[in-house]
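Asks: Quick paste from TrEMBL:
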REGION    A:52-82  region 'Disordered'
COMPBIAS  A:52-61  compositional bias 'Polar residues'
COMPBIAS  A:73-82  compositional bias 'Basic and acidic residues'
DOMAIN    A:82-163  domain 'Copper amine oxidase N2-terminal'
DOMAIN    A:174-273  domain 'Copper amine oxidase N3-terminal'
ACT_SITE  A:ASP377  active site, proton acceptor
ACT_SITE  A:TYR465  active site, schiff-base intermediate with substrate
MOD_RES   A:TYR465  2',4',5'-topaquinone
2 protein chains.
Amino acid sequence: MESKPFFRFLFFFFAIAFLLLFTWTHLPYAPPPNVTTLLDCASNSPWCTSKNRFQSKQPSITKIPRATATTRPRHESAAPRHPVDPLTIQEFNKVRTILSSHALFKSSKNYALHSVVLEEPDKDLVLQWTKGQPLFPRIASVIARANGESHVLTVNLETNEVNVLNTAPPTGYPMMTIEDMTSATWAPLSNAKFNRTIIERGVNLDDVACLPISLGWFGENEENRRLIKVQCYSMKDTANFYMRPIEGLTVLLDLDTKEVVEISDTGRAIPVPKATNTDYRYSEQKIQQELNLINPISIEQPKGPSFVIEDEHLVKWANWEFHLKPDPRAGVVVSRAKVRDPDSGVMRDVMYKGFTSELFVPYMDPTDAWYFKTYMDAGEYGFGLQAMPLDPLNDCPRNAYYMDGVFAAGDGVPYVRSNMICVFESYTGDIGWRHSESPITGMEIKEVRPKVTLVVRMAASVANYDYIVDWEFQTDGLIRIKVGLSGILMVKGTTYENMNQVEAQEHLFGTLLSENVIGVIHDHYITFYLDMDTDGSDNSFVKVNIQRQDTSPGESPRKSYLKAVRNVAKTEKDAQVQLKLYDPSEFHVINPTKKTRVGNPVGYKVVPGGSAASLLDHEDPPQRRGAFTNNQIWVTPYNKSEQWAGGLFVYQSQGEDTLAVWSDRDRSIENKDIVLWYTLGFHHIPCQEDFPIMPTVSSSFDLKPVNFFESNPILRIPPNVEKDLPVCKPAGSA
Amino acid sequence: MESKPFFRFLFFFFAIAFLLLFTWTHLPYAPPPNVTTLLDCASNSPWCTSKNRFQSKQPSITKIPRATATTRPRHESAAPRHPVDPLTIQEFNKVRTILSSHALFKSSKNYALHSVVLEEPDKDLVLQWTKGQPLFPRIASVIARANGESHVLTVNLETNEVNVLNTAPPTGYPMMTIEDMTSATWAPLSNAKFNRTIIERGVNLDDVACLPISLGWFGENEENRRLIKVQCYSMKDTANFYMRPIEGLTVLLDLDTKEVVEISDTGRAIPVPKATNTDYRYSEQKIQQELNLINPISIEQPKGPSFVIEDEHLVKWANWEFHLKPDPRAGVVVSRAKVRDPDSGVMRDVMYKGFTSELFVPYMDPTDAWYFKTYMDAGEYGFGLQAMPLDPLNDCPRNAYYMDGVFAAGDGVPYVRSNMICVFESYTGDIGWRHSESPITGMEIKEVRPKVTLVVRMAASVANYDYIVDWEFQTDGLIRIKVGLSGILMVKGTTYENMNQVEAQEHLFGTLLSENVIGVIHDHYITFYLDMDTDGSDNSFVKVNIQRQDTSPGESPRKSYLKAVRNVAKTEKDAQVQLKLYDPSEFHVINPTKKTRVGNPVGYKVVPGGSAASLLDHEDPPQRRGAFTNNQIWVTPYNKSEQWAGGLFVYQSQGEDTLAVWSDRDRSIENKDIVLWYTLGFHHIPCQEDFPIMPTVSSSFDLKPVNFFESNPILRIPPNVEKDLPVCKPAGSA
């Protein structure tokens, strides 16, 4: 009994040691002789499994919409065509070559590139650029660790010039590389005490799966070194190891050296929950016939979709046009969104740039193994890095177009994340607008227009949780930004098997979901950066406050009514908005210099939704770091360096570089180029339906034209008529 | 110039007089010789145009889903098959016959039936009933006006017994009949002063369209007679007369006698806005080619839909089953909603009955022609009466099934409202649940399930406004209740043509939408009756309060966390809920006697959305009548007589019979058969995009299982696979 695990451990230990050694020796930085080899990925990048590695032939699962003018070129030969196009494979390789001979990295035995993305040209240049003009010099923005220091640099791809900037904030570290995360999950297994503990818990070492858990920041003894906590699970008899925590066992690890700093074990008395009913894979289900009751259903467009994607990134659909690109940190970046004016035919600016800036996911359990779980998924893990290839027909409907991401691994080698974003038209059967005349008036009128929208989607799997982010464009000018939460809960082991053993439910810090399994209460905040350019860059933020006005005696049979009072925000503090149900406002971003025919300023409003607010103590360390959730809405003057709501270096940061800090500078924001920030919030008290995998919960907010158009912009769209609709047959009968 | 209008007026006058006389003489109550004649409708019912009248052949626009087991029988021969099935044509005729010989009506020269619906059997009987058992005695509930009095009666269709109940509330009148509304719109034209005013405003009498506007209740001089206010518009050169108000002209009318009580004219200086750009009909558009940019798109199910409708009213789809019927006041009534337990296969109770109980739409202008506009659309106009036939392919997608309503006109004659409700499966491309494993864990997993839902829809056109009400059933047990607002704004004429003429926008009471047109600020509240029977009738209401808990010094590196504290509501006042963003709760309806395997009480929660709250003074007369909007959530003990949140007799009521009054009795609600009430609220500050017809704005709330199932109920649904999906061709190419 005792010897077998020991041999297994020995074998394992040497296997890991060999792997580490192999990895180490494979960190040279001269580019391999040809691009294709490069794209086969360095063996040290786990992203480069056979599934993720670049395929020079078209991936068979990707269906190119029939009407799309362009077909996807081979990534090796892709060239930028728009000023904000992402770096290409050739550009990534050039960055890698240039940096490998730079003093900073040449002298470093162990460096890593934590982020390599395009340094976008200045906004005014991009705004002036039109198709056909030459591109601006392409510059890469690089965040790297070398010799134990973080560096922010730019690499000019025309001049080969490297510029080392002194913009690293006082605290915090760059986003982890995938290699950081992967090596952290293996590192504990090289610690004998850890392995002993695992075995004592009755888990075989070869059944252990570990997760790298960012540890936030909680004071001095966690400063000045890059740390991570690792917790582990048993994956015996289930793919859903998340439901089998080895509770209370936390390994504190140095991320740079992979040294185990501390092992805390507070869960010896807690059994590892059973695997029963935890697997969610279709192949593992005992299928009951009656659950399969839905006949095939599909959104069909036999004449093809109505959008085209020009030059790989420019999406044109109905009255919309925008630039779309994958980003390792933000996921999806929408730029230069413009909508066509139905009267003039002119494309009018709506939003210069919009993306998921940061997430904040604090768990609500103050005990040793849980207090630190206060994830900031974009700045710590890379929201785009975690966006897995979408599953055609299930993640997106049949008519979807798929866009790949091209990112750099920690060693600078580019790799392709295929099918990372999908674009499709959605038709739910909903109504764009309608009116029937009542027979009271004697008029026979029934005018109804269907609603068709364009959805841009990605789905990030940040370990257990899955975030689905949709940008939905409507022909009436509305943009809906929706976040769906699915995936798997982060659960806690417990000795309890039934609520009748529990004295007070609050002491669970959550809900008993199954025997020995607690779903811990947590919040989700997703903060969006929205650089609105409402019909031009200089805008003002106006709170249109809905106030009760009491009438004077004798003025009216009414005692009260509501009036709208407009307040233009002069400075940032005027625009720090906590939503109030009983003192409501609309929130407009207007162009004060442009008016409609009858004199209203043209505008867009943010229509809140998913407005759960963070209720933690503002001085609580996680809330200081997540202070960008102190308000649902903020407005800042445009500043190229203020894009990441939790700060540029979020990992272990202390909160000195957040949106809250910037906004407290209280700069002028009236009739200026301004950025709107909106935070979608969710409180999540888990319930048994979330076990073993959660049905999707969604919330959304809207950006909606308000006196932007002279009148209803979809007045003239045609109704559906039978003769235009497709003729379909069941599969197999054609 | 002068004589032509006069002759036109004379002709008009005599035409009206003749029509009234003709109508009068056509109020006998002996049934005509055969049913078909009856269904051709009395000529005095404007509902019975050729479009609305019963068609004994299948209406050609209605497509019966291929997989539906039943086809729609001819309405003449329809027979009830379920205890809560609506009255049939034969039953309506029997009610009419019985009443025509009843003393109350025989003696009345001028009576009208304001409501004839099924008196549902007692709930305990319905709960015991199973298919195959005989039905309970069919009883009609009738609300009538006779001899200037309102009466509530029941008519037993087996025994012919008529029971006159003394349940009429102290104030208020029944819902208007369609005949009330129609005659009110014509009545002012018989008043010379009115006609003179119209002509003075430059509007030809034959271009006048008038609307019957409920006047609320504002004090003594409006009591003891049934009154209405009428305002008029010019329909010259547009179908959208709503945009051409003859501002400030208000006719106060006696609804019973049609006598003009008072004419108020405060708008002589205000021009009638021009017709330019107001017509929304497709036939009137100058179509620009570029707007027609969306290729045909459709939800296709070539194997047919997955639902069946048994016995005309029982909808069965996937794991859901519910009874569906049209109602003249509520619109759509969903009864006996049950969901199948995926483990036991048993159908479990969720909701006994749910419907739109009342609407409250106060406008925010205290001036003479506007202060009284505080509509309560269900109790005043009949939300179901105003539900027009849906437009196939536009109101509902191609795969929809249409259900007709059968209602009684004021004279008791039944008529068919065809295609009043549609039922369809919706697939938006959304995701039921998903999880991808990150390569960090080395597991290759991508499991995603598509989301398909079942939607029940109606669209009520209450004069200008259109309300789209959806009941959406999801396979994960969630019911989403969504209200969409579209149609046409109620606008106000003004002398202003541009905002540069306006000193303070608040004095507009709204937004200048076009030259001389103001969109007045208003609210919409839609209150739903939700008789939840969570796994049985006796339930409790639990507020699960999310509270910040500060940690003790030294307890944790965290200063704070959130905990969930459960409070069971003992009495009604404990369940008067004003939502609070910064003191949030979940709201569960649990069955305290049923627990899950691990001991959580089974429950459903109401997930708020569209939570705008009424901010009017509680003592303002409209808010007293609309006091059911003082809270977003209420819970009352089940009481058959408490169904209409604004009271049984809403018209001109003073608010003594509202939900707020019932709830203040503070009855016990713990472990009792309880009813949940939820109010969806919207503040609407109009914008130019709402002119001349509004793009749909929607809000929704959810009823969601919470520890109702042991685990995710859709764990075992299959993913989409290409081979099951339809094969489609563009129209015309097949």
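Just so it is clear, glycine is given a Cβ too, placed from its N, Cα and C backbone atoms.
Here the structure is a predicted model, which means the values were calculated and not measured.
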Asks: Can you check which residue among the active-site residues A:ASP377, A:TYR465 has the largest number of Cβ atoms within 10 Å of its own?
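Replies: Result for the most crowded candidate: A:ASP377.
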Asks: Could you measure between the residue listed as 'active site, proton acceptor' and A:TYR465 (active site, schiff-base intermediate with substrate) for me? Cα positions, answer in whole angstrom.
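Replies: A:TYR465 (active site, schiff-base intermediate with substrate) has its Cα 10 Å from the Cα of the residue listed as 'active site, proton acceptor'.
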Asks: Per DSSP, what is the residue tally for the compositional bias 'Basic and acidic residues' (A:73-82) in helix, strand and coil?
Replies: 3 helix, 0 strand, 7 coil
Asks: Translate the DSSP assignment of the residue listed as 'active site, schiff-base intermediate with substrate' into the three-state scheme.
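Replies: In three-state terms, the residue listed as 'active site, schiff-base intermediate with substrate' counts as strand.
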Asks: What is the number of residues in the domain 'Copper amine oxidase N3-terminal' (A:174-273) that are helix, strand and coil, as DSSP sees it?
Replies: 31 helix, 27 strand, 42 coil
Asks: Using DSSP and three states only, what is the residue listed as 'active site, proton acceptor'?
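Replies: In three-state terms, the residue listed as 'active site, proton acceptor' counts as helix.
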